[in-house]
Each structure stands twice: as structure tokens, then as C-alpha cells.
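So that you can see what the record holds, here are the features copied from Swiss-Prot:
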- 1-345: region 'Galactowaldenase' (REGION)
- 3-34: NAD(+) binding site (BINDING)
- 346-689: region 'Mutarotase' (REGION)
- His534: active site, for mutarotase activity (ACT_SITE)
Amino acid sequence: MSYILVTGGAGYIGSHTVVELVNNGYNVVVVDNLVNSSYDVIVRIEVLTRKQIPFFKIDLNDHDALDQVFKLYPIQAVLHFAALKAVGESTKFPLNYYSNNVGGAISLLKVMEENNVKNIVFSSSATVYGDATRFENMIPIPEHCPTGPTNPYGETKITIENIIRDVYANDKSWKCAILRYFNPIGAHPSGLIGEDPLGIPNNLLPFLAQVAIGRREKLSVFGSDYNSKDGTPIRDYIHVIDLAKGHIAALNYLFNHKDNGLCREWNLGTGNGSTVFEVFNAFCEAVGKKLPFEVVGRRDGDVLNLTANPKRANTELKWKAQLSINDACKDLWNWTTKNPFGFQINNYSWTKFDSESLTNYDRLNTVRTFNGKFEVSISNHGATIVAAKLNGIKLNLGFDNLKGYLREDNPFFGATIGRVANRISKGDLLINGTHYQVGLNELHRTSLHGGTYGYNKRTFLGPIVKTNEKEKETTMEFVLIDLDGTEGYPGDVETKVIYTVRDTGVGGELGIEYEAKLLEESGRDSTAVSLTNHSYWNIGNQPSIEGTHIKLVSNKHLESNPLDSTPTGKIVTSTDLDSQNSAKLGPDGPVFDYCFVTKQQDKLDTRNDELRVVATATHPKTRIAFTTLTTEPAFQFYTGDGVDVAGVFTKRSGFCLEASRYIYNPKWFIPLNKGEVYGSYTIYRFENF
């Protein structure tokens, strides 16, 4: 299996190209120093492509670190985007630009040569042409136009081009594509990735987008005295998706050029020039209102007209821009409204959860409420609630690192449970008249919580993190693709787990939304899904749950078979609750491990049902009230009497309140058919009283 290395793959153009690479069947490794980007871009690419992307935070000038990536992965080709790219900034800090851009490229080419990797697609720029209007008949600009950059940024690009040409001249086995592109705009139509400049944007549309959402007062138009139809500069604006596809076309061209090496330049543009005001008006139309602007002096290094002649790319690469400026403006506005602060979320942070891994697949993602009272940490491993804290008091049982969750005696602490929660007798799953044998993992008698390789053992993609300061909430969306046949379950299922951390004023709450569906490409038409969270709670800030007062909404629960704890099909009345459906938990009792029912199970998606309080727990020592609300028809209440984690936790260290469907029984079971959606919503609320 070979890989394409993408430098600067967390950047604007690089990230969109990574998506296109994956969509075209390539395996990708990304390196980026994250100076002008965020790792959250990689997270979103993974969710968008449903594929893990190996990532390394590396500066290209670090030869040894870069070389290690080439040693770990069989690199077939390199797409080189990594660079500082602001024209105006380059005039103020030229040495930084030469050191980073040129120095980084030299380091990369050395490592490539040492590892016998001789295919490169270089992200150059139309700025290498400088002011092409100084020549006759050079607008639109062809590749044979004489170069003459007017700023240090452009100089770094032409310098790197010349270095690549020298490398090829010395060794004709190299295959080098130099792509000179013009003004990329827009965003991915999903709204998941787009341009997110850290600090003040240097380009027209990112700045204008921030004006539209109120982050900037007005747009500054740099000069209205150019020799154009409205006095503003002319640029060839190209949708970033078209640009990304141009890189795929160039890469394929290199691979299809079998006989010998090559080094060639191609312009990537639309061939149509637009003025600043024309693009401004198109974006205002997408937004639906006129935006404020003022005309200021020209920007150092800017030229009148940079419009591409893309005929060479059209003919040789079989590539042509398909999307319009209006398309780009609509996609940019979609990205901006969904991500008003880009990837910058102040109350979210992450750390590696698996300290021994070279990748970042297993992370610990932490969100704090805006008042600072409530904090929740979720791992990608099992989309697990690792820690929940109210005013510094930990509310749940868990481990400090991934190793703890991999222990054999881990009783599913905090994990997302699926594909089917709780027990299936003999692993015999009946779906629409067909029997399926699912994995047995409990004394060879039952399938418990999805089997040996249930959702609790899986690494979820994500999270996509978004914040809403007005609603005082932040969401983390995790995604898992569970393939047909895993643990014997039929069908390819996409599962989303969306956690919402919300400020309640006197505390905080954690919402858990589940959504699952069979993928269209799945070869099965039906499957089984039943999801829950298996957190163990302890609100007493002490080793046991002793002294906790519990009040349940129902005293009716499913009767269990004493041999394997699976339901008999009957609903019975609990004898362990008082007349108020309450109980005080002591050191040894009462013992609960029942699936309490609150309503009839008759829906696959309960998210539109009433959100009802089903349980309340309080503790006099901490004066914490823990309320469980759910749309689900049942909940499992378990006092943790079987917990025995050697040297860490003992019985009754915590209790479970798992909002769920009825435990599997053909009598109540509702299958998930293709085209349908499984859904539920639960809230865990923690407040002081």
C-alpha cells in the first residue's frame, strides 16, 4: 500500500486536496507545522471522508523528523503546499519567507532524494509572473510569460520552481508538476472545511466573510485607481474544489507518464478575470445584504491583472474549472455561517490519550461551560465519557489514560455501547425472520454490549466541535462506520454520537444524541441497533455510592431470566423501591440491576418525543443533584455490585443510569431498515442544591 504525502495538508488548499485524494482512492499522510492552521481540519477531513488520516506535526526544516515519516510510510509522491503565503506580510518579513518557504522546500527535496521518492506536485503561484501587463499579449497569462515577482512571497515561489528544475536537470528520472494557480476562493460544500486564517485575513473573501458575521467592521479595498472597468484589481478567482481537482489531475498525469521523467508548469485558473468589486457584489448577493467597505491605498506588491490562460492544463491534464464565483460565494457563506469562528473554539481543547501512539487517532477532548463550572472530557476510544466535573468534583468513574480502558476488567466505564446494548440470549438475533449469530462474550451464553469488539473498543472519528455562545452550549460530534459482519451483525451502519455540554446557570448538563442508519451502499436491507452510554456515576465525592438518594419515575421493569439476565418477555414491579419509587443506597444494598420501563417501545427514532425526567439522584455531602432526562422508553439502573477493577474500583463505587431501548427480545424488537433512521436523546444534568 503506497501513500501520497501532503505537506501543509491542514491548510486551506491542502485540506481540500486531501479530501479529493481520498475520494479518488489514494492513501494520504499529512505533515504540517500548524503555524497557520489547526489539527481540527484533519479531524473534519476524517469525518468527511470516513477515513483516518495519519498526521505528523513537523516543520519541513526538521530533516530527521521528516525522514522518519518517509521511513514509516511507503511514499509514492509528494504534494507540496506548506508555505507562508501572505503577499503583504512577505514584504515586511522577507527573511521569514525565504527561510520557511525556500528552506523548507530544500529540506523536503533532500529527504525525497534520500528515500528515492521522485514524484512531486508543487503548489506555486501566479505571483511568479509579477505584472504581466508590462508585456504585450500576455493577458490572460500563459505559462511562457516571462516571470518577475514583485514581492518576496512570489520570489520564494519562483526560487523553489528553479530549484525543482535544477533537480530535474541533474536527474531526469524525476517527475515534477509545477502548478501556478491564481486566487482560490470558496469552501467545501459540506461546510466542514474552509479557509480559517488565524488573525486578520489577508485575502478578499475571508475578510469579507468576517465582516458579514460581525467580526470585522468593514472591508478595505486596496486601491480603486487601477486601469480596470471599476478601478479595482482584476484576478482569476477559482473555486478551491476545482483547484484541488487540478492537483489530482496533475498527479495522475505524472503517474501516467511512464517512459521518462518530466518537469512542466501548468496554470490552474478559470481564464476569466473578475474585479474586486464584482466578487464583492457576488458575495453580498450570497449573504443577502450589502456589506460595508472603504477604499484605501494600494497594497505593496499588488498588480493590475492576474488572469490565467489555462489551455495547457485543459488540454494536457484534461482538467477544467467547473464552478463559478457565485458557487464559491455560496459555499463560503455556508462555511462561515456554520463556523463563524472557524476552527477557533476557546472552551475546547484536546490532548493525546494514547501517549505511546505516533498518531492522534485516540484523543481526549475536553469542553468547559462558559461559566467554568462544568467540564466534560470524551475520548475517541469508544466515544467514552472519561471525566465529568462540577466545580472541580469528579462525577464519574474512569481511568487517566487509554491503557486503563483496555484492561480486561474494565466494566465498560463511560463507553458508547453498540451495536446492540445489553444482552442477547445465546447471541441469537432475529431480524425480519432471519437469524443471525452475533458474538458471544459473556460465559459463552450471551452477547453482551455488542460482543468482544463492540463500540466500546472502537476508535470514533471526530469530534466536529461547534459552539453557540448565545445558547451557552458546545457540541462534539463523533462518527463510527460499523461494517457488515462485525461481531456477526448485518449491514454497514453509520453511527453518530453528539455530545452537548451546556451551562444551566447553577451547574451544567451533558446531552447525548444518537443517530444511526444503514449506508446506501450496504448490501443488507435490515439490521439491529440499540445504543446507550455506560457511565458509572458517583456524586458523593467518596469511594462508594453510600448515602445517595435515588428517585425513579417508574417501578416497572423487565423480568430477567436468572440464568443469563435476559428478559423473559414480562414486565414486573420492583420490590426494592418505596411507595415514592425512591431508595437510599447503602454500602451493600439495595441491589439494582433492572431495565425500568417508562412507556411502550414503538418507535425507531424517539428524538421528537417528550424529554422526560426518569431519575433523580442527590447526595447530602456534596449537595449535588443529578437528573436524567430522556426520550427513550426505558433505562437500566445498576448499582455496580459486580464492579471489581483490581487496585482501582470495587463494588458499588458507582451506579449506572443508562437510557435505552428495552433489552433485546423478539417480542419488542424494532429493526432498522435501509432508508430509516434510529435516534434518541438523553440529558445528564448536574446542579448544586
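Positions of Cβ are set from backbone N, Cα and C atoms, glycine also.
Source: prediction; values computed, not measured.
Listed binding-site residues: Val19, Val31. The one with the lowest count of other Cβ atoms within 10 Å of its Cβ is Val19. In three-state terms derived from DSSP, Asn27 (NAD(+) binding site) belongs to neither a helical nor a strand segment and is classed as coil. Spatially close to Tyr3 (NAD(+) binding site) yet at least six residues away along the chain are Tyr26, Asn27, Val28, Val29, Pro54, Tyr73, Pro74, Ile75, Gln76, judged by Cβ distances under 8 angstroms. If you average pLDDT over the region 'Mutarotase' (346-689) in this model, you get 97. In this structure, the C-alpha atom of Val19 (NAD(+) binding site) lies 34 angstrom from that of His534 (active site, for mutarotase activity).
The candidate set comprises the binding-site residues Thr7, Ser15, Asn23, Asn27. Of these, Ser15 has the most other Cβ atoms within 10 Å.
Gly11 (NAD(+) binding site) is surrounded by 27 other CB atoms, counting those within 10 A of its CB over all protein chains shown. For the pair Ser15 (NAD(+) binding site) and the residue listed as 'active site, for mutarotase activity', the C-alpha distance works out to 36 angstrom.
On the backbone, the CA of Asn23 (NAD(+) binding site) and the CA of the residue listed as 'active site, for mutarotase activity' stand 35 Å apart.
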